[in-house]
Amino acid sequence: MVHLDISETSQVLSVIGGYICIVGLVSFFLKEKMFMSEPLVALLIGVAFGPIGADIFNPFRWVGYDQHQLESLSFQVSRIVIAIQVLFTGISLPKAYCWRHRLSLFVLLIPVMTCAWFVSALLVWAFIPNLTFLEALVVGSCVTPTDPVLANSICKEKYVPLEVRNIILAEAGANDGLGFPFLNPVSSLGEAIGQWFYNVLLYQILLSVLIGAVIGYIARRCLKYCEGRNLIDRESFLAFGVALTFFTVGWVGIIGSDDILCCFVVGNSLTWDDWFRIRSEEDSFQEVIDMLLNSAVFLYIGAVIPWNEFGNYWDITPWRLVLLGITVMLARRLPWVLLAKKFIPPISSSWKDALFTGYFGPIGVGAVFYIEVAHHAIPDDGTRERLRAVVAPVVYFMVLTSVIVHGITIPIGKSMQHTLTLTRSKSGAQFISRLPPPVPFGGALPTHDTNATSEPKEASARDVGVHDDATAPNSGTGTPAAFSRTNTLSMSRTNTMTQGVHWGENTVGHSVQSSGRTSPSNNDSTSHSSNPNLVQPSTHAMVQ
């Protein structure tokens, strides 16, 4: 008798492997035709195969339906994924990028992010009942930072300008340290500010930056030394970034500093002179790792979303969550980026880039990570039970909203813009063809009247072939006087093509422009004809 091994491991592997294989086969169609990002597709598959769907991919069963173990699992999964992604983000930035754009990063990380944090907290305080403002600050701090995983996945070079993409990724990698303020709820605002300065600012942020800079510098020097002496092979060279992530997360996590921020600094320091970035770009190893991590983590998030807590749970009604999601997407970040636009050089010259940067502040894996950080920080003495109960459903709904909204609107918006531009170009190209009609091999080119050289405006009229067949001039060489319109237009186009050779117009006639443009005016023709140093078009045609 056949015995089936329907274990949790087998089911998980079948879902993840099947998703990557099947969706990978149509990945181009989904992204380019359906305008669906990888995180959105993975999230929907996670929901479909999760507890509320087929119940095959069920993380609750993995931990025996123990809520504390599920929180611990979510914390570790999101921690490892974010650490690898922010280190890759640091590596992908150009040479000394954070130092050269320190003003832009300062504006985005201090005033803009602080305003976004307080606005998010105010909206949570307004829509979620029976929360104090200090408790709302805890929930607001979870959804304030820009998620590096979603930013790196959705914000591709194809959709946005490179400078805008780089500043968003740099902010997403660096703003992790500022997600910790007010995660320790206390009795007064002054006490919270004091704890933030000596615990968060000094120990978690500054110390992690210092450790990350040192680790990245030593790693870069060691890599150069070993690579220059042929001591390291290509496979180990490519895997060095992932191994360095595990090393950094492990050791910095032991001392209790900010290991995620430290990984971003390690990535920047490792490629400070662009050497490692250029060498690693020769292969697609990092892109493959990104795809696998994004698929796995958003499958997991789709399966653990607490759907049963979205309706009338602790007075959190669906309409409150929907209004909160809409207002957070619009007011959390966009107004403050537009106000600070002139202090952010990569977007200061374009309102379109400023609108995109302000609108694109995704909430994703980083918010799930902060949920578990908040659960660890909230006291277990029963004084903050409502905060402990509402932080997860509120933040998970914000993640769901951001993945759907940003995962659809960004590709669609950029694709529509590209389509409109392409349509204008094609429609402009249909007005007139700049190429001369085909001439039979060995056939003589049509000639032109020499008297036209003394009358620039008449020559200009003949160039566009406005005279009738009956009034066409006789060339005096035995050619019939009744020229067809086609021959006349062919002659004028040949003239304009050949005059470009003698006038130095890049071997293309002065009238031959890119598609959609009109031919030069009569004034241009007059100015050319009046120059004695230039060969006149009709004279050159007769020579030909």
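For all residues, glycine too, the Cβ spot is worked out from N, Cα and C.
Quick look at what TrEMBL lists:
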TRANSMEM  12-30  transmembrane segment
TRANSMEM  42-61  transmembrane segment
TRANSMEM  73-93  transmembrane segment
TRANSMEM  105-128  transmembrane segment
TRANSMEM  196-218  transmembrane segment
TRANSMEM  238-268  transmembrane segment
TRANSMEM  288-307  transmembrane segment
TRANSMEM  319-339  transmembrane segment
TRANSMEM  359-378  transmembrane segment
TRANSMEM  390-412  transmembrane segment
REGION    440-544  region 'Disordered'
COMPBIAS  455-470  compositional bias 'Basic and acidic residues'
COMPBIAS  472-499  compositional bias 'Polar residues'
COMPBIAS  508-517  compositional bias 'Polar residues'
COMPBIAS  518-533  compositional bias 'Low complexity'
COMPBIAS  534-544  compositional bias 'Polar residues'
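Taking Cβ pairs closer than 8 Å, the transmembrane segment (12-30) reaches residues 36, 38, 41-42, 45, 49, 56-57, 291-292, 295-296, 299 in its own chain, all 6 or more past its ends. For the transmembrane segment (105-128), the list of distant contacts is 98, 136-137, 139-141, 143-145, 167, 170-171, 174-175, 178, 181, 316, 320-321, 323-324, 327-328, 331-333, 336-337, 340, 343-344, 361, 390, 394: same-chain residues at least six beyond its ends, Cβ to Cβ under 8 Å.
The stretch from 288-307, 319-339, 359-378, 390-412 that makes the most Cβ contacts under 8 Å with the transmembrane segment (42-61) is 288-307. With a cut-off of 8 Å between Cβ atoms, the residues of this chain six or more beyond the transmembrane segment (288-307) that come close are 15-16, 19-20, 23, 38-39, 42-52, 57-60, 70, 74, 77-78, 81, 84-85, 88, 149, 152-153, 242, 365, 368, 392-393, 396, 399-400, 403. Under 8 Å from some Cβ of the transmembrane segment (359-378) lie the Cβ atoms of residues 39, 71-72, 74-75, 78-79, 81-82, 85, 116, 138-139, 141-143, 145-151, 154-155, 168, 176, 179-180, 183-185, 260, 297-298, 301, 332-334, 384, 387-388, 391-392, 395-396, 398-399, 401-403, 406, 410, all in the same chain and six or more residues away from its ends.
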